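Here's the structure we're looking at; comments come further down.
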């Protein structure tokens, strides 16, 4: 309680009950405080450096720091500490924790101050922005990306392995030969990769210094049947047009690519006409264009790309929100209609649902969000049951998946017509199209059974339950051109794969006449 609003407790005495053996009479005494403090004052106020050390060491959530400021004047008065003597203890703790984040530490003081203003004028808000970005996109952690025909694995130390189809040089090994086992990209040794994105015949990698490397089709859009990409790049090449932008995430959609800068700005390439993303470009335009509209002044922590549309998880001072832009076919933009949006538009339904979005996923035709409270929302084209509502109806606004109400979700992944949800306990649920065995619902000792069946409501993936590992990430193919496969990554760095493997994209040698795996199989690679 704030010392300015509490008074000294009343002093009372009491006589114990008379027992067989007389007991000494005890009396309550006024408790001792530091210096001239009175009872009720914060006892460590005489040594605030200890308090700062505790707050920083405990890695408190930004919301907890804000609550401390709101409930006790000690935490909101200037602390008289370097580097800013006017900052409160709570703000100093937040700044100290920001300094430990990988993308914040190398920023200049001017860049840090600009980010602070962009986030709302508080280091607590900057810390929330940084933590949210790390949590939803697994920056600084191991990852596995199931692309359309080829796959990427990023180790915790930033090494890159690729495998699968290589018809455009998208594996980055300097050849056009398929790889059926994970193979290290040796030309990137000494460069730490923190993010990867894949499209049809294309790969993009992002280093911890914000540089972007691309290889495969010489275009920024996924255009399997277009005129783009006639030139093949078989080894990672630095994207020169992005060298002045510190990039932390990329998302490859159909006919376009989007990148996210460390200060939360979104840039796009090769979308095409000006009716799409608020700026006019040619299909082969290789220059990044800032995404115009509301998100110019609101920091974004995560982007997700689907078939001709983009989702952005934005960080308002008042909370998290989701914006969508692009093609509205099937209601996948979440605004209650099927109309296209030229500029990013806020999806208002989350305010109605009182849900704070924390993770966003964009499938080809549908989308999903995980809220801070663990609820899962889906919307868009519901074909094959990919929305999890027990039918194949379209939903033009986000709708809570009631069948998951008893679990707390922490992660969601979407594909063409499939959805996976990971719970706080590491359990995995999937629903939607069962083609290529990519849902993981194989039954029986032979891994056959109902592995190709469509699933209209979320079902526990029992085949992953049997591996006795805690799953932390799911990735599945998100393309209309390829059969799907799925990766499940554990907290110990083990990688399990199932689904289509006809091009080697599972990282597992298949037997003769075999084109897919119905049950999860361990990939021979350690991502820890």
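All positions are counted from 1 along the displayed chain.
Glycine residues also receive a Cβ, built from the backbone N, Cα and C atoms like all the rest.
Over the domain 'RCC1-like' (141-475), the average per-residue pLDDT in this prediction is 89. Summarising the annotation, TrEMBL assigns domain 'RCC1-like' to 141-475.
Taken residue by residue, the repeat 'RCC1' (158-209) breaks down under DSSP into 3 helix, 24 strand, 25 coil. According to TrEMBL, the repeat 'RCC1' annotation covers 158-209 (among others).
Sequence annotations record features per position, and here TrEMBL assigns repeat 'RCC1' to 210-263 (among others).
TrEMBL lists 264-316 (among others) with the feature repeat 'RCC1'.
According to TrEMBL, the repeat 'RCC1' annotation covers 320-373 (among others).
Counting residues per DSSP class in helix, strand and coil order gives 6 helix, 23 strand, 23 coil for the repeat 'RCC1' (374-425). Taken from TrEMBL, the feature repeat 'RCC1' applies to 374-425 (among others).
Taken from TrEMBL, the feature repeat 'RCC1' applies to 426-492 (among others).
For 493-528 (among others), the entry in TrEMBL reads repeat 'RCC1'.
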DSSP says what for the repeat 'RCC1' (320-373): how many helix, strand, coil residues?
7 helix, 25 strand, 22 coil
Counts of helix, strand and coil residues, the repeat 'RCC1' (493-528), according to DSSP:
0 helix, 13 strand, 23 coil
